[in-house]
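Chemist: Provided herewith is a single structure, encoded as structure tokens, for subsequent inquiry.
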Amino acid sequence: MKGTAASALLVALSATAAQARPVVDERFPYTGPAVPIGDWVDPTINGNGKGFPRLVEPPAVKPATANPRNNVNVISLSYIPKGMHIHYQTPFGLGQLPAVRWGKDPRNLNSTAQGYSHTYDRTPSCSQVKAVTQCSQFFHEVSIDGLEPDTTYYYQIPAANGTTQSEVLSFKTSRPAGHPGSFSVAVLNDMGYTNAHGTHKQLVKAATEGTAFAWHGGDLSYADDWYSGILACADDWPVCYNGTSSTLPGGGPLPEEYKKPLPAGEIPDQGGPQGGDMSVLYESNWDLWQQWLNNVTLKIPYMVLPGNHEASCAEFDGPHNILTAYLNDDIANGTAPTDNLTYYSCPPSQRNFTAYQHRFRMPGPETGGVGNFWYSFDYGLAHFVSIDGETDFANSPEWNFAEDVTGNETLPSESETFITDSGPFGNVNGSVHETKSYEQWHWLQQDLAKVDRSKTPWVIVMSHRPMYSSAYSSYQLHVREAFEGLLLKYGVDAYLSGHIHWYERLYPLGANGTIDTAAIVNNNTYYAHNGKSITHIINGMAGNIESHSEFSDGEGLTNITALLDKVHYGFSKLTIFNETALKWELIRGDDGTVGDSLTLLKPSHVAGGKKLHS
């Protein structure tokens with residue numbers, strides 16, 4: 001690609017503000033169905049009683065009337081420096097600025113904070129959805145800053161344009177950096193709805209029993225699996241839903257929900273009991289999943305970062321290219337001679353992380369990062385860093401148009417694009433093939449360099465994609481090339497990830513996957529050997545419609561893996577005890593027991609030092 005062409009394209013594509021907003025290219029028309037629906041038996045938006053069941057989840061605020069015309073359906077909390085952000089969602093606009101009344105006394109909410117609203121032309125719109133309490137299209141952001149640390153505050157969302165006033169709710173602000181008290185965090189990845197009921201139950205329990213916050217490392221809701229129920233079972237995919245004849249990877253017992261007979265007219269398929277993860281509509285998957293999580297996101301901050309399932313409406317075609325026929329030519333239950341899915345195959349509202357950017361609000365703007373993609377925050381003795389393992393680095397899994405073009409092109413042709421093309425969400429100055437050209441790399445370097453290890457001796461980084469695993473994939477090399485050097489240089493203690501749908505704890509690894517034997521005390525205790533090695537944990541077992549991962553033919557455990565569990569679902573509990581010890585525990589979803597534990601120790605002379613890199 002010519003340098004001038006690349007520069008022009010990157011200027012057009014790069015984000016221009018810290019709070020990224022989706023930019024969707026529409027040079028070529030979308031030619032698929034008005035509303036893609038993954039159910040040939042019931043291809044309706046609201047359901048006709050046939051086909052796959054249509055779920056209903058309670059909204060965050062119970063409406064005061066039986067037939068509301070607007071409602072607050074989702075409420076979620078997230079940290080901002082010295083405060084809290086309150087995000088809430090409604091099907092229709094408020095007719096005024098969103099607001100929150102708040103105070104320290106639940107009987108005297110004597111302060112009011114206002115914010116802003118945003119929306120997108122979702123497919124289908126909420127005006128096409130009959131149930132007002134099951135749809136979100138307007139997203140409201142209210143930040144309350146200047147708050148006291150480690151303090152409980154109360155708040156209420158007032159009624160506006162037909163919504164019902166919320167109950168008086170509460171949140172607890174973050175502990176200040178350096179606070180010596182112990183705390184726990186719920187860490188999860190790859191959580192949909194199907195196969196995640198146990199994880200959800202344990203997560204709700206954790207949220208009510210004092211867990212400080214939840215940290216979800218990508219793949220939220222599995223909205224892009226809306227079409228799994230129309231894909232016939234295939235030999236190269238281990239999931240086949242067929243009632244009591246269903247087959248799933250992992251080797252565990254068949255979940256009860258899979259024993260339900262297929263609805264009349266449906267075929268054995270690559271999906272699950274709902275067709276898609278929760279719904280046969282992309283946007284309804286998002287709506288239902290967020291409402292299912294209300295009893296967590298209302299109680300504790302829910303911090304998120306991007307995964308591959310947030311990028312677009314689909315990742316791949318199915319048998320006989322059934323999705324190409326449907327999305328490109330509006331032919332239901334058809335076939336196509338070739339897989340021809342492109343960036344333009346998805347409805348415009350289902351491209352380029354659009355839903356993800358609207359449905360959450362992370363502290364990118366406040367921490368020098370970008371939107372929900374990369375940001376950091378302190379809590380007590382730890383500094384937490386969320387990075388984007390999907391876009392915005394060289395050879396990223398979801399690349400941008402600049403990597404599609406050839407010759408002197410400034411934009412790719414339709415056929416040169418891929419369905420998951422996304423970003424960049426930060427600025428790019430230089431070649432797209434050099435990670436140091438990307439804003440994210442420079443932000444990460446600056447963020448890690450500023451960490452005061454005398455206050456936050458523990459530094460934990462998470463992205464969706466692992467750097468290493470016994471299940472090797474080429475993206476792991478690119479993630480390492482982008483970030484591993486910085487993490488080692490600045491003495492990061494642990495790198496957390498998901499993407500692979502199992503639990504895999506690795507031995508401490510230095511550059512190029514060298515096992516740091518000096519950091520291994522025993523199989524369940526490591527030293528934080530800052531600058532020499534990093535503890536890597538793959539935490540992708542929360543549960544979703546795709547079930548567990550399996551090794552490909554010829555693969556198996558390698559010597560970097562200390563423990564592998566590809567049978568159980570669950571999340572992980574990270575407990576920071578003090579400046580020299582933390583504990584990591586796998587919490588099994590089926591019974592809440594501990595399936596694995598790791599203690600990470602840090603010598604006191606290292607924990608108190610500010611400079612941990614050469």
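Glycine residues also receive a Cβ, built from the backbone N, Cα and C atoms like all the rest.
For reference, Swiss-Prot lists these features for the protein:
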{"type": "SIGNAL", "residues": "1-22", "note": "signal peptide"}
{"type": "DOMAIN", "residues": "80-176", "note": "domain 'Fibronectin type-III'"}
{"type": "CARBOHYD", "residues": "N110", "note": "N-linked glycosylation site"}
{"type": "CARBOHYD", "residues": "N161", "note": "N-linked glycosylation site"}
{"type": "CARBOHYD", "residues": "N242", "note": "N-linked glycosylation site"}
{"type": "CARBOHYD", "residues": "N295", "note": "N-linked glycosylation site"}
{"type": "CARBOHYD", "residues": "N333", "note": "N-linked glycosylation site"}
{"type": "CARBOHYD", "residues": "N352", "note": "N-linked glycosylation site"}
{"type": "CARBOHYD", "residues": "N408", "note": "N-linked glycosylation site"}
{"type": "CARBOHYD", "residues": "N429", "note": "N-linked glycosylation site"}
{"type": "CARBOHYD", "residues": "N512", "note": "N-linked glycosylation site"}
{"type": "CARBOHYD", "residues": "N523", "note": "N-linked glycosylation site"}
{"type": "CARBOHYD", "residues": "N559", "note": "N-linked glycosylation site"}
{"type": "CARBOHYD", "residues": "N578", "note": "N-linked glycosylation site"}
Chemist: Using DSSP reduced to three states, classify N512 (N-linked glycosylation site) as helix, strand or coil.
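Modeler: Where N512 (N-linked glycosylation site) sits, the three-state DSSP reduction gives helix.
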Chemist: Of all the glycosylation sites given, namely N161, N333, N512, N559, N578, which is spatially nearest to N242 (N-linked glycosylation site) at the Cα level?
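Modeler: That would be N333, the closest of N161, N333, N512, N559, N578 to N242 (N-linked glycosylation site).
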Chemist: Any idea what the Cα distance is from N110 (N-linked glycosylation site) over to N352 (N-linked glycosylation site), rounded to a whole Å?
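Modeler: Cα of N110 (N-linked glycosylation site) to Cα of N352 (N-linked glycosylation site) measures 41 Å after rounding.
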Chemist: Quick one: what's DSSP say for N295 (N-linked glycosylation site), helix, strand or coil?
Modeler: helix
Chemist: CB neighbours of N295 (N-linked glycosylation site) within 10 A?
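Modeler: Excluding its own Cβ, N295 (N-linked glycosylation site) sees 15 Cβ atoms within 10 Å.
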Chemist: Cα distance, N429 (N-linked glycosylation site) to N408 (N-linked glycosylation site), nearest Å?
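Modeler: One finds 19 Å between the Cα atoms of these residues.
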Chemist: In sequence order, what residues of the same chain, 6+ apart, have a Cβ less than 8 Å from the Cβ of N333 (N-linked glycosylation site)?
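Modeler: Expected: W40, I230, I322.
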Chemist: Averaged over the domain 'Fibronectin type-III' (80-176), what pLDDT does the prediction give?
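Modeler: The predicted confidence over the domain 'Fibronectin type-III' (80-176), as a mean pLDDT, is 99.
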Chemist: Can you tell me how the residues of the domain 'Fibronectin type-III' (80-176) break down into helix, strand and coil by DSSP?
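Modeler: Its residues fall into 6 helix, 41 strand, 50 coil.
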Chemist: In whole Å, how far is N429 (N-linked glycosylation site) from N559 (N-linked glycosylation site) when you measure between their Cα atoms?
Modeler: 39
Chemist: Restricting the comparison to the glycosylation sites N295, N352, N512, N523, N578, which residue's C-alpha is spatially nearest the C-alpha of N429 (N-linked glycosylation site)?
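Modeler: Minimum Cα distance from N429 (N-linked glycosylation site) across N295, N352, N512, N523, N578 lands on N352.
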